[in-house]
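Peer 1: Just lifted these from TrEMBL, have a look:
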SIGNAL    1-25  signal peptide
ACT_SITE  T224  active site, nucleophile
BINDING   R252, V253, G254, D255, T275, G276, D277, G278  substrate binding site
Amino acid sequence: MARSDLLIFVSTLLLFLPLLTVADAELVRSEKFPVVVSTWPFLEAVRAAWRAVDSGSSAVEAVVEGCSTCEELRCDGTVGPGGSPDENGETMIDALVMDGVTMEVGAVAAMRYVKDGIRAAHLVMKYSQHTLLAGEGASAFAISMGLPGPMNLSSPESVKKWSDWKENQCQPNFRKNVVPINDCGPYKPNNGAMNVFGDKRTESCEMGAIEYRPPLVGPHNHDTISMAVIDKMGHIAVGTSTNGATYKIPGRVGDGPIVGSSAYADDEVGGCGATGDGDTMMRFLPCYQVVESMRQGMKPGEAAKDAISRIARRYPDFVGAVVAVDKNGSHAGACHGWTFQYSVQNPDMDDVQVFTVLP
């Protein structure tokens with residue numbers, strides 16, 4: 001080979017080396033991505049998100065598909081319409097979606113008359129400069145952007161649950177330090193007339209002493225789907241959807257639409273989803289804490305345990321869990337007060353796998 005031909009060959013090879021390096025990197029990325037992680041064994045929701053992201057959809061689009069599937073299936077009666085009646089027997093929707101690339105968030109809270117919570121949240125992200133819309137304003141916006149409504153979000157099951165609760169003197173409920181005029185209210189402050197006997201607290205009122213107990217929190221009356229997706233490009237998004245706490249005080253907004261509490265994502269680090277006693281968890285922003293801990297070098301499992309332990313130290317009776325996934329697709333969960341399960345699908349799996357986390 002002539003010297004001039006050799007120089008041309010070497011120059012050409014050097015031109016393509018950067019392209020080969022990029023191609024090799026993309027091949028490595030495609031072997032570990034996409035990844036779908038969700039709270040609870042919501043298998044069909046994870047499969048729907050996986051189908052979307054494996055077909056080339058973005059992480060945000062896949063999160064919307066996955067959470068929307070859970071809403072349609074009314075997962076555990078705690079996601080979508082037809083579940084978790086409030087004190088007035090009405091079902092409302094909370095939802096959130098966050099893009100870990102742009103850090104944009106769209107959320108709806110206490111949304112009435114519209115069943116598509118996660119799609120409404122996505123519309124807030126796409127078509128407004130706001131982060132969170134609430135109440136009937138959220139409903140009106142969602143309908144104006146093309147979602148079906150207005151409609152009744154109750155179901156025969158939620159109506160029966162509510163009527164049975166009414167017959168049980170509206171117990172348990174989320175009231176404290178109040179006196180009911182009748183079994184189910186209206187309520188008025190008890191002016192501090194609370195007696196403390198050991199570990200039991202009782203309230204004095206016209207109806208006699210009422211033992212104070214926190215309302216039961218469990219996977220079938222106080223729950224959220226919180227999902228994280230890493231797409232084929234390695235970008236991450238998270239989303240949540242819930243119909244809130246059963247028998248909540250009308251107007252209550254839980255952690256579902258609160259960024260940093262129910263979910264958080266940052267492309268540079270990873271993402272997190274949470275479920276459980278949202279009224280307690282939202283005081284600590286556990287998912288923001290998880291992501292920041294991973295940013296400081298903690299593994300997903302360490303970050304998840306640290307976030308949960310921060311809450312448990314202050315509220316030993318709290319019930320909740322988080323699941324963490326880093327930007328490489330490694331995942332782990334932590335919980336307190338119950339046994340927690342979360343679902344995962346990645347290229348190494350033929351189908352969704354469920355992981356169990358003990359308290």
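Each residue, glycine too, has its Cβ placed from N, Cα and C.
Any TrEMBL annotation is an automated prediction that lacks curation.
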Peer 1: To the nearest whole angstrom, state the Cα distance for the pair V253 (substrate binding site) and T224 (active site, nucleophile).
Peer 2: 13
Peer 1: Taking R252, V253, G254, D255, T275, G276, D277, G278 as the record's substrate-binding set, what's the max Cα pairwise distance in Å, rounded to a whole number?
Peer 2: 16
Peer 1: Round to the nearest Å and give the CA-to-CA distance linking R252 (substrate binding site) with the residue listed as 'active site, nucleophile'.
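Peer 2: Per the Cα atoms, R252 (substrate binding site) and the residue listed as 'active site, nucleophile' stand 15 Å apart.
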Peer 1: Taking the Cα atoms as reference points, how far is G278 (substrate binding site) from T224 (active site, nucleophile) in Å?
Peer 2: 9
Peer 1: Around the C-beta of D277 (substrate binding site), how many further C-beta atoms are within 10 angstroms, looking at every protein chain?
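Peer 2: I get 23 for this one.
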Peer 1: For G278 (substrate binding site), list the number of other Cβ atoms lying within 10 Å of its Cβ atom.
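Peer 2: Here the count is 29.
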Peer 1: So what sits near D255 (substrate binding site) in its own chain, CB-to-CB under 8 Å and at least six residues off in sequence?
Peer 2: T224, S261, S262, A274, G278, D279, M281, M282
Peer 1: By a simple count, how many Cβ atoms lie within 10 Å of the Cβ of T275 (substrate binding site), its own Cβ left out?
Peer 2: 31
Peer 1: Around G254 (substrate binding site), how many other CB atoms lie within 10 A of its CB?
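Peer 2: Excluding its own Cβ, G254 (substrate binding site) sees 24 Cβ atoms within 10 Å.
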